[in-house]
Amino acid sequence: MNIVTHCLLFVQLFSFVCYSNQLQQLNIGAFFYENEFEYQRAFESAVLRINSENKSNFKLLPMIKKLSSYDGPIALKREDIVNSFGWKKFTIVYDAEDVYAYTKLQDLFQLHSLHSDIVRIRKFKRNEDYRILWKSIKGERRIVLDCNPNILLDLLKAAVPFDLTGQFNHLFLTNLDTHSSEIKSLRDNPAYAMNVTAVRLKLNDGFYKHSIAHKRAIANIKFHRQHLKVTLIHDALMLYGIALKNIATNYPTTQRYVNCDYNEYNSTYSSPAGSYIYNSMTNISPLDEVHFRSGSMLFDDNGQRTGFEIEMYEPLNDYGTAFWNTKGQITQQHIGANVLKKIVYRVATRIGEPLTAKTENVTHNRRYMGYAVDLIEALSKEIGFEYIFVPVADNGYGKYNKETKQWNGIIGELINNDAHMGICDLTITQARKTVVDFTVPFMQLGISILAYQKPTESKAWSAFLDPFTVDVWIYVMISIFIIALLFIFMARISRDEWENPHPCNKDPICLENKWNISNSFWLTMGSIMTAGSDILPCSASMRTFNAMWWIFAVIIANSYTANLAAFLTNSKMEGSISGIQDLAEQTKVKFGTMEGGSTFTFFSESNETTYRLAYNLMQNNDPPAYTKDNKEGVDRVLKNNGSYMFLMETTSLEYNTERNCKLKMLGEKFGEKHYAIAVPFGAEYRSNLSVAILKLSERGELFQLKNKWWKNHNNTCHEGVQTDASETPDMTFSEVRGIFYTLGVGVIIAYTVGIFEFLIYTQKVAAAEKLTFKKAFLKEIIFVLCVWNNKKPLKLASSNSSKTTSPNAP
């Protein structure tokens with residue numbers, strides 16, 4: 001404010017100065033209206049204080065004249081304060097009979113001229129029906145009200161029927177004397193639950209601490225309740241008095257009476273000391289600020305005061321919230337929890353597991369359970385507030401309708417101030433940030449693909465035969481049989497394969513060929529089983545024949561071994577889809593996402609080639625690929641058995657895959673996102689919520705909450721689930737049991753043959769030793785059981801030998 005308007009704004013000062021060797025008497029005058037007794041007393045009190053504290057050789061003589069009322073404007077940038085609220089839309093209400101209203105609100109009026117659709121203006125006249133005014137702006141939640149304090153209560157009472165004083169409304173009172181009104185009487189009235197912000201001149205604490213006379217004179221006065229003019233009159237007089245004190249002994253002048261009238265032909269008389277006094281007033285040192293109620297008297301080159309501050313405060317409960325200075329800076333004050341108004345916060349949410357689920361047969365907040373419910377409960381304990389959950393009617397997150405230009409869902413509730421905060425799996429997006437504020441994120445996530453998980457089929461006992469088809473096995477068995485027969489004939493025609501059975505006998509009476517049917521089949525089978533044989537061919541033709549069979553046997557054996565692992569473990573995933581890029585480059589498998597959600601927005605607004613290609617494919621799908629919610633998307637994945645995939649946020653995806661073994665996440669996550677709590681623009685409690693969320697995160701409570709609501713501790717999905725082709729899990733017995741069955745059958749056959757041979761041998765022993773079959777059987781079986789005895793007498797052989805030689809005995 002200008003130094004002249006500051007000193008002469010509410011009082012017109014003039015002085016008559018005389019000089020002598022004795023005490024100088026300086027006349028100082030002021031103009032007041034008939035009813036301005038308080039201002040007159042303030043003027044006289046200031047003069048008295050200057051005279052009592054003045055140690056110079058002058059004395060001020062007050063002269064008072066009565067005029068009519070004058071209420072000049074204060075150069076206060078109210079636009080700065082409104083911007084600090086974060087308001088994007090509001091209505092200005094002012095007194096049409098106030099000639100200075102435009103000057104005081106000129107910055108806000110300029111906003112109206114630029115944005116008449118979001119900044120509306122309404123005016124009223126004293127003593128008219130104020131209900132007409134409030135009816136014209138019914139539904140407006142943010143109001144800038146400029147009015148005289150003596151009619152403030154009447155205006156507010158008239159606004160009650162139009163729902164303009166509820167807890168979701170914000171009222172900014174611009175008059176600097178609002179503290180002198182009776183607005184505090186509304187503090188305990190439930191009809192006035194709106195957020196109210198007013199402004200007043202910040203007072204100088206140093207003035208009250210150092211002024212003994214002031215303490216003694218007006219110790220019981222609450223200065224915040226004084227009118228602004230009283231403070232300005234005092235500071236103007238003190239500034240003038242200090243300036244006179246600085247120059248009184250050095251600048252003599254002669255007392256003269258002057259004519260205060262002014263016209264173009266003659267001007268008022270100006271004292272020769274006037275310029276000197278003016279310069280002295282503009283250069284009062286900040287060290288003298290203890291003399292002023294409103295702080296340091298600092299002025300710029302144009303005489304504009306730059307040192308004062310305006311306090312923003314809550315008038316119903318009388319606590320400060322911030323300070324505004326002449327540089328347009330706003331500094332927040334620390335507010336104790338004990339001075340805040342009692343508010344039950346309405347928490348908008350949508351029903352959807354695992355964030356919020358609804359239960360029956362209980363009431364109030366106990367009806368709801370889930371991650372979001374537990375998080376709000378933890379925040380309420382951390383900060384200290386009460387709350388109530390309010391599910392949105394359409395169960396929507398918040399989608400903008402271009403036709404109606406309205407938001408629905410949780411975002412719409414916050415914009416309309418029907419809720420204090422909104423929480424669910426609500427993603428921070430640029431579009432939403434233009435209409436609401438968000439706290440710091442409480443969860444980080446991304447996007448991935450929900451796919452159908454085909455259960456592992458139980459393999460047959462003959463699974464170990466799957467590497468070859470049936471016809472291949474038949475061809476292999478036939479080849480073994482034919483090669484064995486050909487081997488026999490080849491050996492019989494090869495001279496080198498006939499050998500002397502008794503090498504010590506140089507003149508044998510016969511030769512023997514070892515390649516009988518048994519040995520031939522043994523070599524053939526041993527070769528193809530890669531086991532080899534203890535007898536080998538000797539002739540060149542037989543070795544060539546055998547080498548070619550070995551080549552065949554090696555290829556067959558290695559081919560079987562190479563394919564065996566793939567057939568005994570999980571088969572490869574159908575198709576070649578391993579991520580969003582593969583999904584976007586094919587047309588066989590359809591895919592989609594929830595229409596209007598943040599994932600839909602991510603694809604529709606992305607400029608990345610893969611994501612744009614995926615979005616175009618979703619747009620062209622018939623039937624439509626989009627769903628109304630995540631549940632519908634999950635159901636479509638399950639019903640289509642792999643022919644449909646769903647793009648969704650990883651948090652919801654993890655929750656569903658934990659609880660349904662037929663679902664799986666396909667590929668890596670992409671498109672990083674964050675969940676946060678949404679609040680209306682300018683909500684003062686947003687920072688408190690953010691700090692509390694950070695504290696919960698640092699203590700690990702957010703991680704514990706997610707584990708509680710996401711993790712399925714009874715999960716058995718790892719059993720009987722088909723895995724990705726890139727994985728090689730351990731084989732179970734069901735996959736290799738056919739090999740065990742084959743081994744068992746072979747052992748049974750071998751023992752069956754052995755038992756038959758044992759019985760035949762027992763029968764020969766019984767005949768040779770003239771024993772009954774039973775006695776012979778017991779004798780032989782006892783010998784068999786004596787496993788430590790490895791030597792057996794050849795009685796049967798001896799008996800047979802004696803019978804053979806007995807006819808030739810003498």
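Just so you know, glycine gets a Cβ as well, placed from its N, Cα and C.
No curator has checked TrEMBL annotations; they are predicted automatically.
Annotation source TrEMBL lists signal peptide at 1-20. TrEMBL lists 344-712 with the feature domain 'Ionotropic glutamate receptor C-terminal'. Feature annotation from TrEMBL assigns domain 'Ionotropic glutamate receptor L-glutamate and glycine-binding' to 354-416. Here TrEMBL flags Thr427, Arg432, Ser598, Thr599, Glu649 as L-glutamate binding site. The transmembrane segment feature in TrEMBL is assigned to 472-491, 521-542, 548-568, 739-761. What TrEMBL records for Ile577 is site 'Crucial to convey clamshell closure to channel opening'. What TrEMBL records for Cys661-Cys717 is disulfide bond. As annotated by TrEMBL, site 'Interaction with the cone snail toxin Con-ikot-ikot' applies to Lys695.
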Lowest local Cβ density among Arg432, Lys695, which the record lists as recorded positions, within 10 Å: Lys695
Sorted by sequence, non-Thr427, Arg432, Ser598, Thr599, Glu649 residues with Cβ within 8 Å of centre, L-glutamate: Tyr397, Asp425, Leu426, Ile428, Thr429, Gly597, Thr601, Phe602, Lys673
Distance [Cα-Cα, Å, rounded] between Glu649 (L-glutamate binding site) and Cys661 (disulfide bond): 18
Long-range Cβ environment of Ile577 (site 'Crucial to convey clamshell closure to channel opening'), under 8 Å and at least 6 residues apart: Ile449, Ala451, Leu583, Gln586, Val589, Met645, Leu666, Gly667
Cα-Cα distance maximum in Å, computed over every pair in Thr427, Arg432, Ser598, Thr599, Glu649 that the record assigns to L-glutamate: 18
Alpha-carbon spacing, Ser598 (L-glutamate binding site) to Cys661 (disulfide bond), which is rounded to whole Å: 26
Cys661 (disulfide bond) and Thr599 (L-glutamate binding site), Cα-Cα, nearest whole angstrom: 24
Cα distance (Å, whole number) from Cys661 (disulfide bond) to Arg432 (L-glutamate binding site): 35
Lys695 (site 'Interaction with the cone snail toxin Con-ikot-ikot') and Cys661 (disulfide bond), distance between Cα atoms, whole Å: 36
Proximal but sequence-remote residues of the same chain as Thr427 (L-glutamate binding site) (Cβ under 8 Å, at least 6 apart): Tyr397, Gly597, Ser598, Glu649, Lys673, His674, Tyr675
Neighbouring C-beta atoms (10 Å sphere around the C-beta of Glu649 (L-glutamate binding site)): 26
